[in-house]
Amino acid sequence: MPPKFKRHLNDDEVTGSVKSERRNLLEEDSDEEEDFFLRGPSGPRFGPRNDKIRHVQNQVDEVIDVMQENITKVIERGERLDDLQDKSESLSDNATAFSNRAKQLRRQMWWRGCKMKAIIALVAVVLLLVIIIPIVLKYHT
């Protein structure tokens, strides 16, 4: 028992307990009693029932091990799902940014195409004017 609890417990404050029981519970070296409460009864005093108890205890231990493994797997699965969710959100953000950038680039390319068509049309008109004006002036005079 931690020292801070030992300090605060007096025999007068512990109700329903005999002084010797209190001393036994608070002693640091009460291994047999702790073993009994933590691990259950042991020894030959139970006879053939001891094997049944041990068998049931082994089954309980196996079930506990399986459940601990299952809990560990569930926690790992939850962590993987969190990672997957983070990655999918990141991918969604990247897809949105890519879509916006693609729209912007498409507009830029459309304007470039329009400018190029306008320049070609202007050059064609200038060439036609350069060719047509001298011909018209020649026939007109």
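Using N, Cα and C of the backbone, Cβ positions are placed for all residues, glycine too.
Annotated features, as they stand in TrEMBL:
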REGION    1-51  region 'Disordered'
DOMAIN    52-112  domain 'V-SNARE coiled-coil homology'
COILED    81-108  coiled coil
TRANSMEM  116-137  transmembrane segment
*Using DSSP, how many residues of the domain 'V-SNARE coiled-coil homology' (52-112) fall into helix, strand and coil, respectively?*
61 helix, 0 strand, 0 coil
*Mean pLDDT over the coiled coil (81-108): what is the value?*
96
